[in-house]
Every structure is written in structure tokens, then in C-alpha cells.
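Here's the structure, in C-alpha cells; my notes come after.
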Amino acid sequence: MSRRYFGTDGIRGRANGLITPELAMKVGQAAGLVFQRGEYRHRVVIGKDTRLSGYMIETALVAGFTSVGMDVLLLGPMPTPAVAMLTKSMRADLGVMISASHNLFEDNGIKLFGPLGFKLSDDVEKQIEQLLDESLDKKLAESASLGRARRIDGVHDRYIEFAKRTLPRDLSLDGLRVVIDCAHGAAYKVVPEALWELGADVIAIGVEPDGFNINKECGSTAPEALSRKVREMRADIGIALDGDADRVILVDERGHVVDGDQLLAVIAQSWKEDGRLSKPGIVATVMSNLGLERFLQSNGIEMVRTPVGDRYVLEQMLKQGYNVGGEPSGHIILSDYATTGDGFVAALQVLAVVQKLGRPVSEVCHLFEPLPQVLKNVRYRAGKPLEDDEVKSAIHAAEKRLNGHGRLLVRSSGTEPVIRVMGEGDDREMVEEVVDTICSALGEAAAAAA
């Protein structure tokens, strides 16, 4: 069965476009029916980021879950990894995060977690999708068996304590001036407080959500404001999270960006030296730079590649027994601590290395020279541009030209109508030429189908 609703990271789309109150209520009903197992009161945990549409979707989900007899625990704005953690901690049958991650406020989404805090498998998502296309009126709970909903206090403190426990008790961030950019998103309360409790001198930006400004010219996808603030305040480091805080990008004291590949290098090398790698390797995706792979190999660390998407990274980590994985975008999964990407916990591991070595972030966090990499996006409205003959011909010619000199990756986004074209190699000029040629062909195909 084809997947009509679920992408690589839950269900995502324009609020009141794809993501309507009707769909959200139906998701609540369908997911609630799938996760009702055993003769006991069933419960679901729901968190959200700071988008205006979160109120609408939250209310619709509550209606859906309670109508099939599930109790609902409402967390309010919380990072995605916190929702995953609390789903397991609070013994819930299911966890829900209302977020479109790094997208702007117009979009929203619904991410689902199983009782152990892991994202749902493809098979479970298919079960839910099947129910979404059915009438569920005859499967609703009897009047006396309807669920209840209530808001839970103190959840921020639970996540703060969890994050702090990922560092040694004797490690303090005292003496570090840290600028944190929360992207006006889900982490705006918890992360600045946690850094302060760990002893850092905290300067917080992106902590004034108004429902519209999430990820707008801030956060991990737009670190320029953070870079300026770090230089202005003469800070030691900048931390940029995205709207739901499952991604992180750092900025060194000079204002230079440290992406997910460099973070993986820092954590992998440090954990290998400390004997904390479960096996001598990590998991990355096809988007990770060849420079990272060469660096890791020179340090006796294997790198296993997966398709794009943190769910596939985690899948391989669990299957092969690795405890570190991630993506250049800043999804870093440390399975010793979390069941999904946790931007703040990943940042803390790097801060621990900085404190341990007593060296500037610019020295600690730039461990390899990335190969020139060009990444461009082509947006389309209709059709399937990748199936166009001219596009196929352009891709074939580019692969032939790069053979032995670099890598080429052309793929559809799993979360939005975009084709991503990535080229990588020792010769930047040649890489730019082949990427531009493919993008031009894609643009023409997209225009013809519109």
C-alpha cells in the first residue's frame, strides 16, 4: 500500500491545507485504536512547538484520542526528544509531537512515538494509514469509556534534569559564555535554564515565540544571527536549535558554523578515546561529507551510510549495535541517552569535550577539511520531475563526469515537494557545473508539469 499521509518524519504539510482539524482528529482516533492493547486505561502524551496552528491541531487530536477511550496528558511546548523521553517515562502507550521541525510557521506536522519512545515503524504507520481511509464511527468508545485530558505541570524540570544527567556530575560549564538560539521554538524555556543550571554564562536569543516567528531567520537553518551575536558578545560558543530542538548546529568563537558532520567527528573521536563507543564505528547518511568518512577511517572508526532521514540512521544503529549516528543537518542520535535526535544533548557532549580540553571551540570542532559540496533544492508543484527523460539524461551525464572524482545524490524530500541535488568532489568548479545542469533540467521539467 502506498503511503498517502506519512513521510520520512511523520505527517507534515500546510496547516489547514493537508493538516486540517478533521485529519488531526482522525489521526488521533486511528492511532488510538492501533495502540489500545490490554485491559487497562490507555494514555497518550502530546507535546507541541510554538506554531499558531498547534492549538488547533492539539485540540483536534485530543478529540480524536478521547473519542476512542484514550486519556491524554498535555505537555505544552516541549522539544521533540523530551516528548519521546516522557512517553517512556510516563508509561504512555503513545507519544505525539505537533511540529513541522525546521519549517516556517505556515506548516505543521504530527510525529508519533511508540511506548518506548521510538518513532513508529513503517508497518505501524501503514496500519494507521489504513484506518485513516475508513469510517471509524462504529469503533468509537461508549459514553462511559471516553478518555479524559489534563495538562501536566513540571515537565520542563523533568527534561532539564534528564539533559543534565548526560554529563558527569563533576563537570561544570563555569567560565563558558554560551549564546543559545532556540529558534523561537519548543526549547525556548528549557534549554537556557538547563545551561544556566550547569554554570554557563547564558545569552539567549530566539526565545520570544509569537506563533509566527518560529525558524524565521534564526535557529539551525539560519545561523547567521547567532554568528553575529557570538562575535558581538565575544562568546565562547553558539548553539542553534531548530523549532522542535531535534537538530543542532554550533558556531565557534569566530562566528564560523560547525555542522552535523563536524559534531559527529568530535563526539566519535572523544567517545572512542574514552571507550564509550559501543563498537568502533558510527552511522551517517549519504549526505555526510566524504571528508568526515576519511577522517574517521584515519582514526580507526568505521562509517556506515544510510538513506537520508534520522529514522534510517537509528534503524541501522539498533540493527548493528552502534551508539552514535547523525546527519549534516544536525540530527545527532546518541542512543545511550535518547531514542531520537536530541540537539541539546548533542551540544552538551561537545561542550564537555571543550571543557575537558580547555581549548577554543575553533580548534576542538574543526577536525577535518570538508570536500567541496554543493547542495541545491528545486521546488515543484506537480508531476514527478525525476521521471522526466531529460532529467534522467542530465543525471547520467553528471555521474559519468564525476566518476572517480566525487559523488552525486539526487533525491526527493520526504517532507516537502522539493528535489535535492547534492554534488561533492575535489574540484568545486566541476561539481557546481554538474549540479547546475541537473537543477536546470529539473526546473524545466517542473515548469512543464505545473
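Each Cβ is built from the backbone N, Cα and C atoms, and glycine gets one as well.
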Matching residue for the Mg(2+) site, where Swiss-Prot names D242, D244, D246 - out of S101, S121, S135, S362: S101
Near-site residues: Mg(2+), ref S101, D242, D244, D246, CB cutoff 8 A to centroid: D49, P79, T80, S99, H102, G185, A186, L241, G243, A245, R247, G341, G343
Alpha-carbon spacing, S101 (active site, phosphoserine intermediate) to D244 (Mg(2+) binding site), which is rounded to whole Å: 5
